[in-house]
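Participant: Summarising the annotation, Swiss-Prot assigns active site to 12 and lists sequence analysis as the type of evidence. Annotated active site, proton acceptor per Swiss-Prot: 60, in sequence order. According to Swiss-Prot, the feature Mg(2+) binding site maps to 12, 193. The substrate binding site annotation in Swiss-Prot covers 13-17, 25, 29, 57-59, 61, 63, 174, 180-182.
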């Protein structure tokens with residue numbers, strides 16, 4: 001049992017994992033997507049209300065068209081093959097990011113998944129796709145200014161984010177052996193505890209998740225206070 005309300009994961013290391021195993025980048029990304037399916041039972045067992053996965057950043061658009069096209073295709077395949085199982089297990093799906101950059105057919109697929117699962121309450125699985133936190137904050141401020149407000153409060157920004165109901169991040173996990181948060185949930189993770197692992201995401205397993213949570217449980221959170 002854990003008191004974590006929001007677990008965020010940067011799914012890093014797919015391409016390096018592929019290089020290590022003499023595989024293509026596409027095979028590495030597929031292994032990363034398969035890992036979500038593998039870890040779903042653990043996510044459900046932990047009963048953490050909100051889990052956000054960083055799957056495709058706003059910066060990822062700058063990669064080769066072949067890699068970008070495959071990553072977009074992976075999201076479509078994942079929603080197509082996993083949606084019924086997610087729905088059956090009571091998972092509410094949310095997707096955040098600049099989704100207008102995606103094709104109309106994929107946007108429709110995303111909206112259908114959100115609509116189908118909107119009343120589920122076991123856990124919320126939020127997929128951050130075409131997402132950048134700076135962009136999210138800019139979009140929120142633009143929305144507020146467009147509404148006619150001349151002064152902006154914390155509350156105004158919170159309510160203008162892609163998902164106003166998203167709780168603050170308690171624990172942010174990044175596999176892959178690098179130590180940065182890469183423009184991910186900067187607003188929501190203001191007081192998050194950070195956990196970094198040298199293991200690549202496709203090698204990550206439920207015991208690694210548990211190890212991160214155990215490490216988190218030993219920390220004394222101060223939320224910027226003493």
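Glycine residues also receive a Cβ, built from the backbone N, Cα and C atoms like all the rest.
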Participant: Could you tell me which three-state DSSP class residue 13 (substrate binding site) falls into?
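Facilitator: DSSP assigns residue 13 (substrate binding site) to coil.
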Participant: Could you tell me which of these binding-site residues, 17, 61, has the fewest other Cβ atoms within 10 Å of its Cβ?
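Facilitator: Sparsest of the binding-site residues 17, 61 by Cβ contacts within 10 Å: 61.
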Participant: What is the nearest of the recorded positions 12, 17, 174, 181, 193 to residue 60 (active site, proton acceptor), using the Cα of each?
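Facilitator: Closest by Cα distance to residue 60 (active site, proton acceptor) among the recorded positions 12, 17, 174, 181, 193: 12.
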Participant: Mind telling me which of the recorded positions 12, 193 has the densest Cβ neighbourhood, counting other Cβ atoms within 10 Å?
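Facilitator: For the recorded positions 12, 193, the Cβ with the most other Cβ atoms within 10 Å is 12.
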Participant: Could you state the whole-number distance in Å separating the C-alpha atoms of residue 181 (substrate binding site) and the residue listed as 'active site'?
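Facilitator: Distance (Cα to Cα, whole Å): 10 Å.
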Participant: Report, in whole Å, the straight Cα-to-Cα distance of the residue listed as 'active site' from residue 61 (substrate binding site).
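Facilitator: Here the two Cα atoms are 16 Å apart.
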Participant: Could you round the CA separation between residue 12 (active site) and residue 193 (Mg(2+) binding site) to a whole angstrom and send it over?
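Facilitator: Cα of residue 12 (active site) to Cα of residue 193 (Mg(2+) binding site) measures 18 Å after rounding.
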Participant: Just to confirm: which same-chain residues, 6+ apart in sequence, have a Cβ under 8 Å from the Cβ of residue 15 (substrate binding site)?
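Facilitator: The list for residue 15 (substrate binding site) reads 25, 28, 29, given in order along the sequence.
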Participant: Round to a whole number and give the Cα-to-Cα distance in Å for the pair residue 58 (substrate binding site) and residue 193 (Mg(2+) binding site).
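Facilitator: Cα to Cα, residue 58 (substrate binding site) and residue 193 (Mg(2+) binding site) are separated by 23 Å.
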Participant: How would DSSP class residue 61 (substrate binding site) in three states?
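Facilitator: DSSP call for residue 61 (substrate binding site): helix.
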